[in-house]
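Visitor: Dumping the structure here so I can ask a few things about it.
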Ligand SMILES: [Zn+2]
Ligand SMILES: [Zn+2]
């Protein structure tokens, strides 16, 4: 219906570097096709689409993109850091954002209400686990993962490829498929890109990840990296062809290339013309050297399109996230905040509180002064000290804080970019994380070793310098 | 320094008439409703949350805790699930000595563990969840008693109980009871009575207990009605003789946790309660299943330990029994329909086994129409079945939320029916429903 005025707007559209998906949408809508059930969710995407099409772009730097189930709108930038809105079928996500992991259909120890109260926007589900139990067929019967787990906002599923390599006995990777054995049951499973898409289509998350040929980032096998990089592209093309619910779910491609920057660039060059709604940087945060890590992120992000969301997979330490945002990344996920909570570790702006430590036995402060989470409003470090790692409720209480801590960190990052003071934010953030002198009553320990002279680690300074941000000494 | 909290109990409605037909002293064995009132004045002007009056309507259950947290639930979430009419039970065995209470500051456990919303905090010497292991563990050599604590088996001395209570600052302290194992002989029973009596008099007389903490005196004696009756009489005499008499607001009827037949339990309750004034609160730990609770309320019990909804949750069960006489009657007639459908899911008439494969694709909430946090979202039976299947903590958490809510509604209906003299009808409808399902 509104296809006609939109077609009259060709100029504006071209300026926005829109991709061919948009043509595809207009054609489909013009022909009266598309999905019949235009509920609240799909109107989220269509109103975002209308908004992008009707407003003049503020500048050529503030790019946007429209695909059938995702609208990406950049709203401000500072150096390479980006502030954007990504509207999916279920939710308009404010980027940059952190996505907690709900491996088996639950973020451990937290209810959906706890997650909403922490202002989580998107939950990640692990396809490998969900396919094992309860199975994607059952999830589809129950109306998709959103319905099944009673979560109304955005969701993302990974491809399962990473878990297959890490959790199963990998038997064979061929051009056709990955074959692996479940160590628990002994069952052999063959996963093809087509099957991977079928499973993720049944699960029905807003964003799905393409099946990539994953090689451990510490493998040190150049030939295998090269093979995997090109195979990832070929598999991505098969994924695109097999993806059946383009009106509701968006497929992201994953940049591979191991730690070889040339391969990373090659991977980007191959993936970008495929014109996906978003891209991820994969194959990192598996224990590789940080100097390699940031250079790979940097090389990939430099070549990924400006007007698409960029997701750095598996990144969850606050320092890493801040560096990646500076380099131009928008999305992050990690089990770290909830996993470390189960071991009694709370995340604060000056590092980590290991609440088991005797220093907290009489500490009547909340985990972090000024934190608005449900735990900090109610409980002291001293009480948490008596229950962490002993009572299961403690892992919920500390998880509530850690998840909210991540959300607050991302809120601060977004606000800083919006107000053009991201550089100052980064400087202040790093000063707190790596203080020259720690206050007597600050019992936090840093995430990683500081330099001897009390400065932020070399890799942090190098990466930020590349992003145009200098840390004052 | 901190606010004074003064505990009192008043009967609201006691049903005497119906139970008087066998003559004698049966009046103390009638269902009754009451109110435990905690008056607090705010002497330090610090926290407004501890000022004012908090009320707890009886009969009701306690909230079981582990190190003062409501098992898997954050304390405010638990209070909401129990609809803020459950006393919180803090076993002192979870803080079994001075070094474990060192971090608790002047506000006591209420401030320390965020039990601010709890109407009443009761410290007990037994852990309702672990009681079955600890009943017989009384050492003969010392005056203390052995209890299974989260830190292993420990011997606690009566004066330690007072030290811990002084740090925890509960509203009510249930004094220790030397329980009698079912197989015990006469001498063991007598020892239990004298030891429990000694613990009481020592606490009343030595003045070590600070603040206004109210006390529940322990009643013991095993299954021997004569011994039990004498123990109760002795206890009441000691209370009346003491200058700290006003501290004792009620009794704990011990020894009921061994799964005795209903008639035995009733006789034990009767023997213990005969000498106890009606103005005293009666706490009967060890009884929790709906049938047992209904019988005990009929015998005049006011407080229950709250372990039942939790142990059901940890076994994967959701409480589903009918909550009104009418619902019970309707469900009694529905029985045949569901039975003929041949659905054997390991559930019984009062609870639903969420581990059963039958719920794999069941999109209904645990109880249709339930307004608890779990059912109202709604979380489905299928999802909770999945969570239990993959050992996700959230599954048991959601069952705890629902079970707490369901259990508190059950107590609310008992209070309502006692007040309008229809308790017998409710109980009869419940038992008819149960036997139709047996
Ligand atoms: Zn917090
Ligand atoms: Zn419910």
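Every residue, even glycine, has its Cβ placed from backbone N, Cα and C.
Unlike curated entries, TrEMBL annotations are predicted automatically.
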Visitor: Which candidate from A:132, A:181, A:256 does TrEMBL annotate alongside A:158, A:159, A:160, A:161, A:162, A:212, A:283 at the substrate binding site?
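Guide: The candidate from A:132, A:181, A:256 that TrEMBL ties to substrate along with A:158, A:159, A:160, A:161, A:162, A:212, A:283 is A:256.
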Visitor: Pick the one from A:385, A:401 that TrEMBL also lists for the Zn(2+) site with A:371, A:373, A:376.
Guide: A:401
Visitor: From the ranges A:293-299, A:300-306, A:307-313, A:314-320, grab the one TrEMBL calls region 'RNA binding'.
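Guide: Spelled out, TrEMBL records region 'RNA binding' over residues A:314-320, not the other listed ranges.
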Visitor: What is the set of residues, excluding A:371, A:373, A:376, A:401, whose C-beta falls within 8 angstroms of the centroid of the C-beta atoms at the Zn(2+) site?
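Guide: Other same-chain residues with Cβ inside the cutoff are A:366, A:367, A:368, A:372, A:374, A:375, A:377, A:400, A:404, A:405.
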Visitor: Among all the protein chains here, how many other CB atoms are within 10 A of the CB of residue A:376 (Zn(2+) binding site)?
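Guide: I count 22 other Cβ atoms within 10 Å of it.
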Visitor: Suppose the substrate site is A:158, A:159, A:160, A:161, A:162, A:212, A:256, A:283. Which further residues of the same chain have a Cβ inside 8 angstroms of that site's Cβ centroid?
Guide: A:165, A:209, A:210, A:211, A:214, A:254, A:282, A:313
Visitor: Substrate site residues A:158, A:159, A:160, A:161, A:162, A:212, A:256, A:283: biggest Cα-Cα distance, Å?
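Guide: Comparing all Cα pairs, the maximum is 16 Å.
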Visitor: List the same-chain residues at least 6 positions away in sequence whose Cβ sits under 8 Å from the Cβ of residue A:162 (substrate binding site), in sequence order, or say none.
Guide: A:128, A:214, A:282, A:313, A:314
Visitor: Is any of A:159, A:212, A:371 (binding-site residues) within Cβ reach of ligand 1, i.e. under 6 A, and which?
Guide: A:371
Visitor: In Å, rounded, how far does the Cα of residue A:159 (substrate binding site) sit from the Cα of residue A:401 (Zn(2+) binding site)?
Guide: 29
Visitor: What's the number of neighbouring CB atoms sitting within 10 A of the CB on residue A:283 (substrate binding site)?
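Guide: Residue A:283 (substrate binding site) is surrounded by 31 other Cβ atoms within 10 Å.
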Visitor: If I take the Cα of residue A:160 (substrate binding site) as reference, which of the binding-site residues A:371, A:373, A:376, A:401 has the closest Cα?
Guide: A:401
Visitor: What count of other C-beta atoms do you get within 10 angstroms of the C-beta of residue A:159 (substrate binding site), across all chains shown?
Guide: 29
